[in-house]
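Here the structure is laid out as structure tokens; the discussion comes afterwards.
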Ligand SMILES: NC(=O)c1ccc[n+]([C@@H]2O[C@H](COP(=O)([O-])OP(=O)(O)OC[C@H]3O[C@@H](n4cnc5c(N)ncnc54)[C@H](O)[C@@H]3O)[C@@H](O)[C@H]2O)c1
């Protein structure tokens, strides 16, 4: 009997919840576990291996001590989680945020496993984070923090093992420090250890806008399927950072109207449309989106009731919940953020006929161009931006099309379809590789 022919009886001697999670407060990883439960009935015999998905392969928790500018020493919690490496090296971003927890990094790493498999990149899933509010620290302090953290997780990362990238509050400069620190520690320049680097250090053209571009490409595909015209479509965006502002600009440049923007500083609205290029300039010069000419300021919660065609959550997880899913007026939600919608909210949106393009597809543009960056670094041969965008658009369009067909065939949401396709790919690899030793 080969490993793919096992029966589907769940394994014995396995604890349901690992002891390092609190079963009463599972946090974001609880959402991922619920998503795995939902997909299991569609996995056939591969369900035999489903426990593999429920527990990360490797978790590294590190202490990150640094000298602050005032001469004192501060300690920060750092994590790197490799959720799954059945299909290739782990791949996923690094987040700097004061609310980072182990459960959150575990969930984000698991979503990377699903995302990379859903768009068929030859990667497993990983994620890292440091529990810090970077706005309160100087550039020199953040550099020391990044270098120490990179050294601590240097045990498990590497161009062929685990390749970090930017996420919330991290950027090309931080990737440059990570690349330099890893290179110093290993005695050779290793550009392929991180992606999302500056162009002059082996970064890829098109990477900075890639996630937003993928949000646009998959959103536009969904609109086409649903008969919602792009020209004049009203778009609301939560989060105006790397993902949100690129998505807003690209929708705007294709004739859509950005009617509402929310970020950490507040919420602005204009029925006539906000020019996102000007909003970025305003944010840069004033430090806030508030006060942008010809816009009204809305209450934070009113964002969810904005009359719009497309809603793009592009900030943090757990934003669309039972509390606001019933009030959302969009026809399509395109998840730029990771994990913005809870499973209960997903059900409400499904019943109300709102189409959700799930994170594991919608925001996969970033990791797709990260993959291109990694390939270019290995071959030291760089492609033009047009080549990159054309390849990105093709991968995202094809992935959308095949998930749309799977959803129609099984009469399930696009999220469940993405999980069916991705989890099947991951568990097929697991079954073929078998267990070592
Ligand atoms: N950067 C990437 O390539 C990438 C790729 C895939 C997914 N993502 C996901 O997209 C999301 C955003 O990432 P990013 O890289 O754009 O981060 P970023 O740090 O560049 O921007 C985050 C944005 O969210 C806003 N924000 C933070 N807290 C908020 C709140 N409580 N309410 C409203 N807005 C708030 C911030 O003001 C900022 O505009 C995250 O979920 C991330 O995991 C990012």
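Cβ coordinates are placed from backbone N, Cα and C, and glycine is handled just like the others.
TrEMBL lists region 'Disordered' for one of the ranges 1-21, 22-42, namely 1-21.
The annotation in TrEMBL ties 91, 115 to substrate, and of the candidates under consideration, 285, 288, 370, the one tied to the same site is 370. For the recorded positions 91, 115, 127, the largest tally of other C-beta atoms within 10 A is found at 127.
Under the three-state DSSP scheme, residue 167 (site 'Important for catalysis') falls in the coil class. Screening the recorded positions 91, 127, 167, 370 for a C-beta under 6 A from any atom of ligand 1 leaves 167. Here is what falls inside 10 Å of the CA of residue 167 (site 'Important for catalysis') among the recorded positions 91, 127, 370: 127. Of the recorded residues, residue 115 (substrate binding site) and residue 127 (active site, proton donor) place their C-alpha atoms 12 Å from one another. Summary of the substrate site environment: with the site residues 91, 115, 370 set aside, the chain residues having Cβ atoms within 8 Å of the Cβ mean position are 92, 112, 116, 121, 123, 125, 165, 364, 366, 367, 368, 371.
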